[in-house]
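Encoded as structure tokens, the structure appears first; notes follow it.
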Amino acid sequence: MLSSARWSLSTKAGRCRYQPRDGQRGGAGRGCRSLSWLRPFCHQLDQTGQHVFCVCGTKVNVLDVASGAVLRSLEQVRVGRARAGDWCGGQPVLMCSVCSHLQEDQEDITAFELSPDDQVDRAGTGGGHPNIEALRTCDHAPSLPAELHLLQVLVTATRALLLAQWAWREGSITRLWKAIHTAPVATMAFDPTSTLLATGRALGGWLGHVEGTWSGCSGTLTTSLQTHSPGGCDGAVRVWDIVRHYGTHHFRGSPGVVHLVTFHPDPARLLLFSSAADATIRMWSLQDQSCLAVMTAHYSAVTSLTFSADGHTMLSSGRDKICVIWDLQSHQATRTVPVFESVEAAVLLPEELVPKLDVKSKGLHFLTAGDQGLLRVWEAASGQCVYAQPQPPGPRQGLTHCTLAQSAGLLLSVTTDHNLLLYEARSLQLQKQFAGYSEEVLDVRFLGPEDSHIVVASNSPSLKVFELQTMTCQILHGHTDIVLALDVFRKGRLFASCAKDQSICIWRMNKAGRVACVAQGSGHTHSVGTICCSRLKETFLVTGSQDCTVKLWPIPEALLSKGTAPDSGPILLQAQATQRCHDKDINSVAVAPNDKLLATGSQDRTAKLWALPHCQLLGIFSGHRRGLWCVQFSPMDQVLATASADGTIKLWALQDFSCLKTFEGHDASVLKVVFVSRGTQLLSSGSDGLVKLWTIKNNECVKTLDAHEDKVWGLHCSRLDDRALTGASDSCVILWKDVTEEEQSEEQARREEEVVKQQELDNLLYEKRYLRALGLAISLDRPHTVLTVIQAIRRDPEACKKLGATVLRLRRDQKEALLRFCVTWNTNSRHCHEAQAVLGVLLRHEAPEELLAYPGVQASLEALLPYTERHFQRLSRTLQAATFLDFLWHNMKLPTLPTAPSVAPSAL
């Protein structure tokens, strides 16, 4: 038997959770996607190549590259609705710590930036550059904070117009200030010293607003009324000193959205570049506080700016399918390179990386990533493409981001489907791949001989295979429409999939963990919604379709031979038998453990039993009120389990087709059911987002797991029954672990520890070591045991002194626990004397301020008062009766008894 806490949440696969799609399984639905122009840098790779930072709604997730685990989620809250000019704690709400008395709320993150070297300069002086220090020579500039240490810095911006500075390794906000922009911040960038931060705002639509500016030199807050037309507004770029905590510059003049800002890599030049909706590039001087040049060459949005090592050349890319090389000394374009795709990012390659790509020409080379989904290397001098990635299999996916971590030798690119691709920078060979968005998960399976991988079918024609240890992802392409179901053969290396494109595919995983399609078949006239593999040997598989038929597919011998080359191409499968089984859609098929029986479940509210391999009908299971979603054979008994849309699970006898048991507990359709614990328990999932564990013997639901937010379509258990896997429409895949043995061992250890402590307590009481005995009893958190110790103390001849001395020597937390126990004792007239004695000691010797500082003391006193008053009244009545009896005794006159005559001894 398993304990009620059989399963516990272990981990989640996937990075982002978007709004779940509506409708039935595999529907077109709706998905939440962020617009690339609003948030161009939703992913960043640190220079060490160890962490990837990803925006996910209201938080930034920090992904560990080595393990694939989300190390930390940084979620920013909105502190009230502070306007420019509001004050908090004596300071303007422009740069202050998080204030607890203001109302908190969650806001979507619109932009974030990681410092170039992942840390603030130790001295805060810009690495010793005099030009940067010259910006801070104003007499009224704030002094350098004494508490400044070497911090790991990340800055986020939200729709609430708040900027948060994070010590991201600790997961804490160190500063929070108002951006003063009139619209959400669309982009930001650090300078090379990690001390200055530039922010650019998105498009605003206010007809009139008051804008506040915090002057770092004068220390005054000024406001200016500005009026904008509904169609647009002047863009603004602000520069912040994040070490001394004040604004240094406010640049105006860019029309519309400022979607790109970046600093020149040489901090001595103090140059800032920005681009807005007019497709121009503006160069600002921080020292002169003016615009030095407006560079025009693009006809569409500029998507990236990058600089050469000497700092004299700049490369810009845009969605107008060109890249422009600029001479920063003359501010003129020296060459325009047509790249024939909408470019989202361009990277200037260091000279040492270019020869590794078999590029023999010398000079300036740059890499582009765009809507064609390929990384390509271009020679700046000739404008020729000197290297292009091979076209990956499957449909073309554009690239939305690309960044180079030169010190780590890694290149990160992001696809339109939020897949993160990590390449070795020297060879552009794919090292790792992470799936950022799983869409609506329709089915999941463990994969591999030791269940080391999982395969996920989502609302997509492609499959995702994750390695559980590192969460590295492989994306498999083979179907042309949404994959609906999966199943794995006994050995774990071969698995099958079926899809809406009326086809099936068989996939094989090699010893290195790479998966390839080895066979394909088609023959159904409608979507193939369910598939099941043979159980004893890898000999056949069965599919069920919306065309109401079942097909039996034999596995070719060539597919099972070890000498079959993986690159020889998929083998064509042919159906051996076809049988029309139901009058409506077939939602589930299951093969018996002996491979001789087949069960089918349909929307016609029936399940049927068939003999293999000729598909002869043996019997019909009738009793459900709505359609069936799942059928499953027991691994131990001749029993069939069915899950229905009527919210029930039924067990059927295979011999007489009678219903043995019915399990009720789900509030909606039961979508999947599997046998666990060697056939003694059932695990089910439903449309209510719940996973339930049932004990078959007594029909009892022993555990309900509520971790999903939508329909749980996928449910699978590992070979050893020690783990389970669920996937749902909320885009989450959850891995569950069996903790029965751990809980039993913990319970056994707890009982043994209690026995030892109880024996120690008895010994302490026998030795009259009351202080240790009372402390030990309180640590056990058992009021009756503490009461026993108090009673033992009160039986001592010097009870009053010993009780006071013992109670007063307790720690504060022990006194708080003792006060709580007194509330319980005081409700019983037989134990109220001990409670009043302890309460009397505390009231006589503890100061009222200390007692009021105890947590929950008000509730304890309110509970003590009525019972204390009742005990006092009872004692008063007893005292009155005793006084009356004493009065009667003293006033009663008893007759004198006659004295008996004495007898002389001689008479005896």
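Here the Cβ of each residue, glycine as well, is placed from N, Cα and C on the backbone.
Nobody curates TrEMBL annotations by hand; they come from automatic prediction.
Marked as domain 'U3 small nucleolar RNA-associated protein 13 C-terminal' by TrEMBL: 758-892.
Residues annotated as repeat 'WD' in TrEMBL: 251-294 (among others). The average pLDDT the prediction assigns to the repeat 'WD' (251-294) is 91.
According to TrEMBL, the repeat 'WD' annotation covers 295-336 (among others). For the repeat 'WD' (295-336), same-chain residues at least 6 beyond its ends with a Cβ under 8 Å from one of its own Cβ atoms are 37, 40, 259-260, 262, 264-266, 269, 273, 275, 277, 279-283, 342-348, 350, 364, 366, 368, 378, 380-381, 383.
For 476-517 (among others), the entry in TrEMBL reads repeat 'WD'.
Per TrEMBL, repeat 'WD' is recorded for 521-553 (among others). For the repeat 'WD' (521-553), the residues of the chain that approach it from at least six positions outside its boundaries are 26, 481, 484-491, 494-500, 502-506, 560, 572-595, 598, 600, 602, 610, 612-613, 615, judged by C-beta separation under 8 angstroms.
TrEMBL lists 579-610 (among others) with the feature repeat 'WD'.
The repeat 'WD' annotation in TrEMBL covers 621-662 (among others).
Counting same-chain residues at least six beyond the ends of the repeat 'WD' (663-704), those with a Cβ under 8 angstroms from any Cβ of the stretch are 1-7, 626, 629-630, 632-637, 639, 641-651, 710-717, 721, 724, 726, 728, 730, 736. If you look up TrEMBL, you'll see 663-704 (among others) marked as repeat 'WD'.
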Structural state census, the domain 'U3 small nucleolar RNA-associated protein 13 C-terminal' (758-892) (DSSP three-state): 109 helix, 0 strand, 26 coil
Cβ-Cβ under 8 Å with the repeat 'WD' (579-610): same-chain residues at least 6 beyond its ends: 529-537, 539-540, 542-546, 548-550, 616-622, 624-633, 635, 640, 642, 644, 652, 654, 657
Secondary structure content, the repeat 'WD' (251-294) (per DSSP, counts of residues): 0 helix, 27 strand, 17 coil
Within the repeat 'WD' (579-610), residues counted as helix, strand or coil by DSSP: 0 helix, 19 strand, 13 coil
DSSP helix/strand/coil residue counts for the repeat 'WD' (621-662): 0 helix, 24 strand, 18 coil
